[in-house]
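Colleague: Structure below; questions to follow.
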Amino acid sequence: MNYVASNIQVLKGLEAVRKRPGMYIGSVSINGLHHLVYEVVDNSIDEALAGFCDRIDVIINLDNTITVIDNGRGIPTDIHEEEGISALELVLTKLHSGGKFNKGTYKVSGGLHGVGISVVNALSSFLEVYVNRDGKIFRQTFSKGIPTSKVEVVGESSVTGTKVTFLADSEIFETLDYNFDVLEKRLKELAFLNDKIYISIEDKRIGKEKSSKFYFEGGIKSFVDYLTNDSKAFQSEPYYIDGFINDVIVNVGLKWTESYSDNILSFVNNINTREGGTHVMGFRSGLTKAMNEAFKNSKISKKDIPNLTGDDFKEGLTAVISVKVPEPQFEGQTKSKLGNSEIRKIVEVVVYEHLLEIINLNPLEIDTILGKAIKAARAREAARKARESERKKNAFESLALPGKLADCTSKNPLEREIYIVEGDSAGGSAKMGRNRFFQAILPLWGKMLNVEKTREDKVITNDKLIPIIASLGAGVGKTFDITKLRYHKIIIMADADVDGSHIRTLLLAFFFRYMRDLIENGYIYIAMPPLYKIKYDNRIYYFYEEKEKEKFLDSIETKNRNSISLQRYKGLGEMNPTQLWETTMDPARRKMRLMNIDDAIEAEKIFVTLMGDLVEPRKEFIEQNALNVINLDV
């Protein structure tokens, strides 16, 4: 298929982009800055999906410009008949002017192709593009979306491809400081989803020099292996499904582990569909249908076994679903949920038919997986009975709030906050030091449950977790309803030592598995009590970081240092109620860390590594991150 100027169609102009950048890239924060890089890379990925590109290089240059190079066909440079300008200039200056809008050019497209690169141009103070095509090297430059040069031939070339260099506009973006790790993770994800494509990233900034290269022969199978390499698996390698119906390509990798939770990632045209959609619904129904058939035909005794559901078959399952759809319909501006109704049946048929073949070829492994599903079904029944029993006793309702909870008087969830505090002594100080109008205190005691190693029926009846579930008032697991939440700030307050860190991680794992909406909606915080108290010159100073304390000490003349009194806080219990209020609980002065899931894939891996059964991966992770553990955000 030829890719020339006539393939480029124009829908409308670029005027609004600089006025309302958030409508096109989500925000003007660092997330929007990274979005510019993704849009340019997505154009190169489109060439790869069409079979014309197998290498993409991304460079963060010394001056904070970004360069993206691919070996695709090169953007067309001939004159567009309708517009009377070169296709290259058209693609970079007109919104909705890309090969994506002509079905013959790209059957499927990630990113916005045309929308994306023109938006990048509009939001860059400088953009330069080189095109290797038709034996020549073409060049054109732009500023804030406006051409500053004509398309000119600057040399000869025996290869094809496109090189884009841009400088994001400092008048629009809050920062131009790219985060290498964030970009690296996205490029690694793209390399997993598009097998046999070489993708590299290099940071040339002084003091930040590093680079990574990705190439995965196994594609999605490699992705599943990466996600499960810290878990005990039932299979020697992932099962792989590859099929297509009506130009829709379906690729799925599956692997069952001994975990009690599932991890299903879904993508449409390389876009992470975090909210799922019709492709995920089709996967679940195809999986359930095939596995029920496998159970029916197996020699496993059917006596006293509850009906097996999709949730039972999903226990311990890690799956990556990737579909390529010619005309995807995404619900919402963020492209996080697929809406095409026809995709559900297509994915269901492909998954069902291919999974039946896999089942026939792997009878022993499938029997083991079915055995796990049966245990999950029995645990599900036990959890249902436990819920009903607890419901009858009002254990999860506000009428039966735990005795240790010191509640606040405000009835407005928007202003109410609850401190979940490690230890009775610290809980006592917190109760006395708090503002009783809007601050509630729930002390924790004893050993906290590790939910990564526990089935749901044991979780919802655990005597350490029931007080948390009851206090929050919104249910747990599948019955969790965030609209019933009694507090809009949930603050974990624990000692700044190894035990405190362990308790924080256990609580975060519980919220991640059973109340993930709390993290995704920004309701979970970590309290940051001070590490040091210094008395000097009749004044008291509190310091929350080692470097803050050192900077303060360095500012004091040597002759006066004998008059300094320094205390290192080992635990919350060392502070009296007034000190705890002033340093850790007063909204005007306290420091807290908001927990969020910028990267759900990495969050999943971290919890499995830290809380799972395998010791070696946990040891490696701790050794690699020991120096950064205070800054570990999940």
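Cβ coordinates come from backbone N, Cα and C, glycine included.
Sharing the feature lines straight out of Swiss-Prot:
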type	residues	note
DOMAIN	416-530	domain 'Toprim'
BINDING	Glu422, Asp495	Mg(2+) 1 binding site
SITE	Lys447	site 'Interaction with DNA'
SITE	Asn450	site 'Interaction with DNA'
BINDING	Asp495, Asp497	Mg(2+) 2 binding site
Colleague: Could you check what DSSP calls Lys447 (site 'Interaction with DNA') once collapsed to helix, strand or coil?
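Modeller: DSSP call for Lys447 (site 'Interaction with DNA'): coil, neither helix nor strand.
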Colleague: Return the member of Glu422, Lys447, Asn450 nearest to Asp497 (Mg(2+) 2 binding site) in space, with distance defined Cα to Cα and candidates limited to these recorded positions.
Modeller: Glu422
Colleague: Whose Cβ, among the recorded positions Glu422, Lys447, Asn450, Asp497, has more other Cβ atoms within 10 Å than any of the rest?
Modeller: Glu422
Colleague: Across the domain 'Toprim' (416-530), what is the average pLDDT of the model, as a whole number?
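Modeller: The answer is 89, the mean pLDDT of the model over that range.
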Colleague: If you measure Lys447 (site 'Interaction with DNA') to Glu422 (Mg(2+) 1 binding site) at Cα, how many Å is it?
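Modeller: The Cα atom of Lys447 (site 'Interaction with DNA') is 11 Å away from the Cα atom of Glu422 (Mg(2+) 1 binding site).
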Colleague: State the count of C-beta atoms found within 10 angstroms of the C-beta of Asp495 (Mg(2+) 1 binding site), not counting that atom itself.
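Modeller: Result for Asp495 (Mg(2+) 1 binding site): 20 other Cβ atoms within 10 Å.
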Colleague: What's the CA-CA gap between Glu422 (Mg(2+) 1 binding site) and Asn450 (site 'Interaction with DNA') in angstrom, rounded?
Modeller: 16
Colleague: Reduced to three states, what secondary structure does DSSP give Asp495 (Mg(2+) 1 binding site)?
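Modeller: For Asp495 (Mg(2+) 1 binding site) - judged by DSSP and reduced to three states - the answer is coil.
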